[in-house]
Amino acid sequence: MADFDTYDDRAYSSFGGGRGSRGSAGGHGSRSQKELPTEPPYTAYVGNLPFNTVQGDIDAIFKDLSIRSVRLVRDKDTDKFKGFCYVEFDEVDSLKEALTYDGALLGDRSLRVDIAEGRKQDKGGFGFRKGGPDDRGMGGSRESRGGWDSRDDFNSGYRDDFLGGRGGSRPGDRRAGPPMGSRFRDGPPLRGSNMDFREPTEEERAQRPRLQLKPRTVATPLNQVANPNSAIFGGARPREEVVQKEQE
């Protein structure tokens, strides 16, 4: 079992970079501090995202950090983005820095950023399984580098109150290595009824930093599903039809 370091040795203060203060009066209420992992995967839960979020938006939010992979979580039935994602970083320092974005405003939404957690299996170790490409858009092998399983329970203290929307996905590791090792259950973390979350007041919203995302350079997302009604052969005709016309 890996050793952990706590991140309570740092003051998470707001500044113009779009970060929020952890545990402040305008935040998400009191949370028990989690431990930072000392070995991969270094994965953060990012919640309360707009429903039209795509991968490029996540890259822009954490543009100064070393991102390894991004997974936007979708509804299994509708394939719609559920409003949260998992971001794996190359090193623990980037994960630690990402936690300072908790409470930052993106539009009219207050971001939720926390350490993603998995559940240890009964036989020891963190479970994983081998398989083909993820059917939710992760790409690459589904084998876990860090041994996390998407069906494992985890506990980051958030409710699954996200519905609908459209989002993008990441094709895989941006450095041609294994994709994000963390395969978490398609649902945000849950906590007991003592969770003290409230929406910030208008006065608190006015005092919090805002993240500014530039307009997308590509009008149509790269991962948009192709039109099923489009012609398979384009402007060309099947060979049988061409031969028949020549004979006439």
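Backbone N, Cα and C define each Cβ position, glycine as well.
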Record-annotated omega-N-methylarginine (source Swiss-Prot) among candidates Arg136, Arg145, Arg174: Arg136
From the candidates Arg166, Arg183, Arg198, Arg239, the one which Swiss-Prot records as omega-N-methylarginine: Arg166
Listed as omega-N-methylarginine by Swiss-Prot, one of Arg19, Arg119, Arg142, Arg151: Arg19
